[in-house]
Amino acid sequence: MRQFGLVFGYSFMERVRSKAFKIMTVIMILIMAALVFLPKFIGGIQHMSEGDIAVLDTTGIVTDTEGFKQQVSDSYNWRLIQEADLAKEKAELEKEGNVLGIVTIREQGNQPVLNLTVNKMDDASGYLTELNRYVQNLYTFSEMNKLELEPLAKERLTASVQVEVEELKVGSKSMMTMYFPVYLIMFLLYFLIYFFGANVATSISIEKGSRVKEILITKVSPIQLLYGKILGVGLAGLLQFSIIIASASLMLMFSGSGSKLEFIGFQIDFSVFDGKTVAMLVVFFMLGYFFYASLFAAAGSLVSRSEELNQVIMPISLLLMLGLFYAFFNLADADSTAALIGSYIPFITPFMMFIRIGMSDPTWIEILLPTLVLFLCTLGACWLSAKVYQVGVLLYGQKPTPKLIYKAMRSL
């Protein structure tokens, strides 16, 4: 047990002290910082004045431009012009100067006609709908004043339809609120499982290539060496995962956004992750890591040089990527038959079950059964990996064919 503790401690500290660990942690924290603070910075820039929009009103319904800033867009400097200034404003618009658009409101057949002049239609896409609605409201109020309607009648005619939504399943998870938080955390889950699983294979291949393994095996049994390395690197992975999540939580807190984040027009609320979701995320990270790390370790023990490693771990990497993509394809419908089947396939389970727990409300039986299957398959993968590892670490200069490995495993 003492030897196992030494291997475990050495593997953990080696990974934590490595440059790759520190650099990757900093990079992930910077990415999280960009996700938290960049939208606020961009939003601040967008609220600055982008240019002028000239408004020519010949109907008399527009009295000032304050309503345009409040009801249409505050990103532009709205200003009223006279008929005599129209030609000059159009010339400025054509030169692509400070004038970005000209709004002309005229009366035709006792009806207002709104004309918008821009260089490109894309220039008006951000405010055209709001502009039309605002001018329509101005015309409506103007006509009601001409008809000298009673205040109560005006209020009834302009009253908005109130929408009330009755949620039968109060507290249930919705696609709108859960999609992006689940998407981001699942990608982080994939990245860390791959990063630390591949690190186990790399560490084993480097030790084997330098013949350090021959010395280690005389002091520590191969099984203790394998599991000590997997557990040590796994704990380092959990530590890195915790640092990234804690850093993101602190940044959200200090940004003034609480648990909410706005990104490219979408609202992301991380408060939707309850205690059960977070606990199961940790469980599936650890089980997924041990499952894949065992396979990576077995692959790493079969190569004689680290240069051969990429070719050997490629099938495992593709399997991991396939599990991620399968989960992505079922993200929109976490209760589908495909999602249910995928949750029982070991190399898909860590991702698929996190999606099912995050996006829907599976029963405890639907959670425990796939978790048990993954746990048993992880034990099987660890057992098989240990057998392959015991053989692989002693193979030098020989091509590890399936027949040779099977024969050596039977002799153990």
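Note that Cβ sites are derived from N, Cα and C of the backbone, with glycine treated the same way.
According to TrEMBL, the domain 'ABC-2 type transporter transmembrane' annotation covers 21-386.
Annotated transmembrane segment per TrEMBL: 21-42 (among others), in sequence order.
Summarising the annotation, TrEMBL assigns transmembrane segment to 182-206 (among others).
The transmembrane segment feature in TrEMBL is assigned to 226-254 (among others). Long-range contacts of the transmembrane segment (226-254) within the same chain, counting only residues at least 6 positions beyond its ends with a Cβ under 8 Å from a Cβ of the stretch, are 3-16, 21, 24-25, 28-29, 32-33, 35-37, 188, 192-193, 195-196, 199-200, 203-204, 220, 260-261, 270, 282, 285-286, 289-290, 293-294, 297, 382, 385-386, 389.
Here TrEMBL flags 278-300 (among others) as transmembrane segment. For the transmembrane segment (278-300), same-chain residues at least 6 beyond its ends with a Cβ under 8 Å from one of its own Cβ atoms are 185, 189, 192-194, 196-198, 200-205, 208, 226, 229-230, 233-234, 237-238, 241, 309, 312-313, 316, 319-320, 346-347, 349-351, 353-354, 357, 367, 371, 374-375, 377-378, 381-382, 384-385, 388-389, 392.
Note on the transmembrane segment (312-332): residues 175, 179, 182-183, 186-187, 190, 193-194, 197-198, 201, 292, 295-296, 299-300, 302-303, 338-339, 342, 345, 347-352, 354-355, 359 of its chain, located 6 or more positions outside it, place their CB under 8 angstroms from a CB of the stretch. What TrEMBL lists as transmembrane segment is 312-332 (among others).
Per TrEMBL, transmembrane segment is recorded for 338-355 (among others).
Counting residues 6+ beyond its ends, the transmembrane segment (367-386) has Cβ neighbours under 8 Å at 222-223, 226-227, 230, 280, 283-284, 287-288, 290-291, 294-295, 297-298, 343-344, 346, 349-350, 352-353, 356-357 in the same chain. The feature transmembrane segment is assigned by TrEMBL to 367-386 (among others).
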